[in-house]
Amino acid sequence: MRCAHAVDWVRAAEGELMARLPEGTLMQRAAAGLAACCVELLVGGRQGRVRGSRVLVLVGSGDNGGDALYAAARLARRGARVRAALLAPPERTHAGGLAALLAAGGRTTDDPAEAASADLVLDGIVGIGGRGPLREAALPWVDAAQAGEALVVAVDLPSGVDPETGAVPGRAVQADVTVTFGTHKPGLLVDPGASHAGVVRLVDIGLPVAPEAGDHVVEALQHADVAALLPEPEAESDKYRRGVVGIAAGSARYPGAAVLAVGSALRGGCGAVRYVGAAGADVVRAHPEALVGDGGPADAGRVQAWVVGPGLSQDTDAERAVTEALAAEVPVLVDADGLRLLARRGSAPANALLTPHAGEAVALLAGVGVTATREEVEGERLRYARMLARAYGCTVLLKGSTTVVTGPEGPARVNPTGTAQLATAGSGDVLAGLAGALLAAGLAPRDAGSVAAYLHGLAGRISSGGAPTCATAITAALPEAWRSVIAGDTDDGIPPFR
Ligand SMILES: NC(=O)C1=CN([C@@H]2O[C@H](COP(=O)(O)OP(=O)(O)OC[C@H]3O[C@@H](n4cnc5c(N)ncnc54)[C@H](OP(=O)(O)O)[C@@H]3O)[C@@H](O)[C@H]2O)[C@@H](O)CC1
Ligand SMILES: [K+]
């Protein structure tokens, strides 16, 4: 599991550690890890070596600049031609770092053309002390670096990305690689910040960051975590013991949503799928395994979890389906039209899992008296997902370029397997059916939501392979995604947090 900690926690943990170590130890650990990563990139890059390669360091006013300067000094000692652009007044530039660089043969520069011709640019403008967008002084340098061929390496965080939220309020560095220290920062794991970070490398500087300690605020599952959560049939299992999921979805106008949700639920690890709604004939034609009823959830017989909402429309039958599913006293996943109806109530049972996209989140927020735009929700997903979870008193899975799953308390989970190819019609219905099956199989709402998002993302990648995909193909790829997780196939192929 990859974990991210809040900035205050990082500062406190660093403070405690620094009190026990000789002065400057942590910065030297950070700089050594950063330099090692740069060496690897330069050796693997167009120069093929460190000696003679051109390195430009962008240096801000704090310790982030200090890290960058000390790392650059190490590269200069190995023969790199290093130039440093000091963006802060001399009295606010890290004195020790600058002295080390100059002693190692580096020089300062005022010429942004250095950024255009560099092989590697180190962004030491600002780290966890950063607030707001890049400032004026940095822009010509960053513009030149991004237009040139250089690999851009962000120190701790891409400057301009909010460390806590991943918000990008204006201009920010677009990094190829981010080398972060001690622990991930939330802003590296959540879009839009995650999209600016490139590949994230973590350098251990000795902070006590074990997930078991529970000090982190954000976590991202990996294959092994998901494998440990997947339901497995036992020798004594029968279809009822494995769990039955009820699906109340689809309408005369949108029968396809029902077909898709049932299709993914059938591949989601429970024992049986019951369908109720107006699309029974379509469902049974596509999936003869489904148990189809023509009443509402209250008439359906026993299930261990409900999925209500995909393609349901918002008429009186839909309202009845939502009311009955919510009253069933089993975990209930509410999606799509179900969310619009739920917004009118302004609350949900504690064992509910709400799966809005940003637009539906806006409607849910309005239901509890909060005005926000879609862009605001997408700009600060962690904050709004948490706000919804607290207001409705249940678990929320906020879909998007980084899907976030969170309850009212505890760390938020962010999904690392997403791909833009998942933004296709019916994809949300597939996710809902899959998560519902996992709920019925006994996973808690947070686990069901995050495991479903993980498998759904992998299936999207498998079915796409870079080409456009569709909801039916994503469903068909679910078994392969599942197998790759239990086989422990490496997840290195997943660009971190994309
Ligand atoms: N703590 C530790 O033990 C360790 C820390 N380590 C490293 O230190 C980093 C944190 O260092 P830090 O605390 O000095 O803050 P840092 O991010 O360099 O910002 C400095 C100043 O920048 C300014 N500023 C704000 N926003 C801005 C913007 N958008 N654009 C431009 N400038 C902006 C603002 O000052 P202002 O100008 O607003 O007065 C702010 O005070 C951390 O990320 C890691 O790299 C590692 O070495 C391991 C040990
Ligand atoms: K930085």
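Quick reminder: no glycine exception, Cβ is built from N, Cα and C everywhere.
Source: prediction; values computed, not measured.
Annotation source TrEMBL lists (6S)-NADPHX binding site at 63-67, 127-133, D156, A257, G311, H357, D429. The feature K(+) binding site is assigned by TrEMBL to N64, D123, S159. Taken from TrEMBL, the feature AMP binding site applies to K399, G400, S401, T402, T403, G428. Residues or ranges marked as domain 'YjeF N-terminal' in TrEMBL: 10-213. Under the heading domain 'YjeF C-terminal', TrEMBL lists 222-485.
Location within the structure of each feature annotated in TrEMBL.
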| residue | record | contacts (Cβ under 8 Å, 6+ apart) |
| --- | --- | --- |
| D63 | (6S)-NADPHX binding site | M27, H94, G127, G129 |
| G66 | (6S)-NADPHX binding site | M27, H94, G96, G97, G124 |
| D123 | K(+) binding site | L58, A68, V142, V152, V153, A154, V155, P158, S159, V173, A175 |
| D156 | (6S)-NADPHX binding site | A30, N64, D67, G127, I128, T178, V179, T180, F181, K185 |
| H357 | (6S)-NADPHX binding site | L398, K399, G400, G428 |
| S401 | AMP binding site | D191, P192, S195, E378, G418, A420 |
Of the residues named as AMP binders, K399, G400, S401, T402, T403, G428, how far apart in Å are the Cα atoms of the most distant pair? 14
Setting K399, G400, S401, T402, T403, G428 aside, what same-chain residues sit with their Cβ within 8 Å of the center of the Cβ atoms that define the AMP site, listed in sequence order? H357, R381, L398, V404, N415, G418, L422, A453
Going by DSSP, is N64 (K(+) binding site) part of a helix, a strand, or coil? helix
Which of R131, K399 has the fewest nearby Cβ atoms, counting only those within 10 Å, among these binding-site residues? R131
Identify which of the binding-site residues G400, G428 has its Cβ surrounded by the largest number of other Cβ atoms within 10 Å, counting every protein chain shown. G428
If you count the other CB atoms within 10 A of the CB of S159 (K(+) binding site), including all protein chains displayed, you should get 27
R131 ((6S)-NADPHX binding site) sits from T402 (AMP binding site) (Cα to Cα, rounded, in Å) at a distance of 22
How far is it from R131 ((6S)-NADPHX binding site) to T403 (AMP binding site), counting Cα to Cα, in Å? 24
So how many other Cβ atoms are close to N64 (K(+) binding site), meaning within 10 Å of its Cβ? 27
I'd like to know which of these binding-site residues, T402, T403, is least surrounded, judged by other CB atoms within 10 A. T402
Which are the residues of the chain, N64, D123, S159 excluded, whose CB is within 8 A of where the CB atoms of the K(+) site average out, their centroid? L58, G60, G65, A68, G124, I125, V126, G127, G130, A154, V155, D156, L157, P158, V173
